[in-house]
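Reading through the structure tokens given below for one structure.
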Amino acid sequence: MSLNCWTVPTLLGISKLNCKGLACLLVLTVSVCGSASGMCPTACVCASDIVSCTNRNLSRVPANLYKCMKRLDLSYNRIGFLEPEWVPVLFEKLNTLIVSHNSISSIITGSFATTPNLKFLDLSSNSLKSLGSPVFQELRALEVLLLYNNHITQIESSAFGGLYKLQKLYLSYNLLSHFPLDLYIGKHKLTELALLDISFNHIQTMPIQRLSSVPARYLSGIYLHGNPFYCDCTLYSMLIFWYQRHFSPVVDFRNEYACSLRSDPRGYNKLPLLHDNFLNCSESTINSSFQAFGFIRDAQVGDRLVVHCDSRISDAGTYFVWLSPDNRLLEPDRETDNFRVFHNGSLEITDAQLEDSGLYSCIAINKKRLLNETIEVRINVSNFTVNRSHAHEAFNTAFTTLAACVASIILVLLYLYLTPCPCQCKTKKRKRKLNQSGAHSSILNSTPPPPELPADEKKASTGKRVVFLEPVNEPKHGQNGKVKLFPNDNVIAESILKTTRTKSDSDSVNSVFSDTPFMPST
């Protein structure tokens with residue numbers, strides 16, 4: 001007996017169903033969704049293509065679920081780990097799987113082979129500690145992945161390999177201490193990732209220099225609030241730049257960004273990171289960060305400069321225009337002087353000049369999505385020749401000063417080590433005078449010289465002068481054997497002992513060394 005199933009499409013238009021049409025509809029239903037028996041387990045609640053098995057103390061997925069379901073909720077159960085057979089049959093139409101609030105501590109590769117068309121996967125509020133490589137590779141259509149409120153401390157670079165369509169990744173309230181930069185840079189980067197929630201982890205520093213190369217359409221979806229950051233001017237500059245670009249993660253959660261000093265590692269005293277510049281960061285530090293993110297561009301006269309419009313709107317139907325500092329409208333396919341705008345939004349300056357410096361505005365317009373965004377870029381054009389001459393002059397001045405300092409040091413050393421000591425010259429001169437005085441005294445003195453003194457006494461008598469005077473006449477009575485000098489004898493003796501001589505000194509010395517006999521005055 002054969003059935004004519006051509007009446008099935010017209011069943012809605014028939015007021016009275018015949019046997020052939022009903023049998024044909026039953027065959028069609030069985031072929032798509034399996035047998036009618038056991039379509040909804042007793043532990044679950046089924047509504048059309050939605051199955052809810054929450055809080056039923058389940059350790060694995062029930063085996064008798066019908067294959068037509070699109071949403072399966074297994075939250076608040078006691079599933080401990082995910083292995084290749086934890087979903088017993090293939091569910092090709094399943095696109096939403098919720099396994100939150102269980103006890104999942106590990107995921108083995110191949111666990112999602114029977115659910116290849118998932119677009120939404122919720123693994124939040126479990127006991128995951130690490131994500132190995134690659135545990136989600138079968139989920140090539142996955143768009144949203146929830147992993148928040150776990151105990152994840154480490155994520156391997158290839159853990160999310162194969163998730164080419166992933167758009168949203170939630171990793172908040174975990175124990176991560178490093179920012180997962182591999183999501184944006186490297187061979188396993190997620191090219192469609194528009195939102196990354198990594199708030200309330202244990203991240204203290206950020207790879208800001210490497211993040212500066214990430215396009216704005218990715219940066220605008222990174223949520224970092226609630227992390228125990230160290231107070232750093234570079235981090236502050238990056239967040240201020242994001243705030244000026246109106247990135248939602250910074251604008252919406254501005255009060256949640258705080259930092260602590262490195263001297264306070266436990267963060268007892270937290271400072272607001274985005275309020276009134278508590279860090280007192282210098283303008284040069286902020287400008288350098290803006291420069292790293294492309295907000296400030298430097299060029300020399302005559303250079304060819306290409307400035308990209310780093311817009312969050314990157315759809316194919318986006319239209320870009322630029323506004324120059326003198327309010328000239330620069331559009332694609334329309335060259336103005338030495339300016340040219342490409343269809344991807346990049347601005348080319350073929351021959352940069354000093355007058356091209358200023359603030360440029362890129363306007364991205366998407367008519368289909370009714371969105372527009374304005375990005376401001378400051379271009380500084382300087383004259384390399386002038387700067388080089390100034391640098392050359394500065395170098396000459398510094399070199400001249402250094403040479404003068406070296407010459408001064410050499411002259412001082414020459415003076416100290418090559419000039420004879422004046423003390424030695426005076427000592428030699430004194431020795432010559434002593435020798436001359438000794439020769440004259442030996443001539444006047446007929447008595448033999450005294451015996452030579454010991455070395456110690458010589459040293460003690462160094463620098464002293466001795467004068468020997470011969471008495472002219474016999475000593476008179478009452479003189480006690482002493483020579484009575486003439487009335488100014490004190491002056492003569494004192495003048496002989498001194499190196500400087502007065503007039504009386506010269507007369508007395510002449511009288512002593514004169515050939516004529518000395519006659520005392522009566």
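In case you wondered, yes, glycine gets a Cβ from its N, Cα and C as well.
The feature domain 'Ig-like' is assigned by TrEMBL to 302-382.
As annotated by TrEMBL, transmembrane segment applies to 398-418.
Taken from TrEMBL, the feature region 'Disordered' covers 436-460 (among others).
What TrEMBL records for 436-446 is compositional bias 'Polar residues'.
Marked as region 'Disordered' by TrEMBL: 498-522 (among others).
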Within the same chain, the residues 6 or more beyond the ends of the transmembrane segment (398-418) and with Cβ under 8 Å of it are none
With DSSP, how much of the domain 'Ig-like' (302-382) is helix, how much strand and how much coil, in residues?
-> 3 helix, 40 strand, 38 coil
Model confidence over the domain 'Ig-like' (302-382), averaged pLDDT | 86
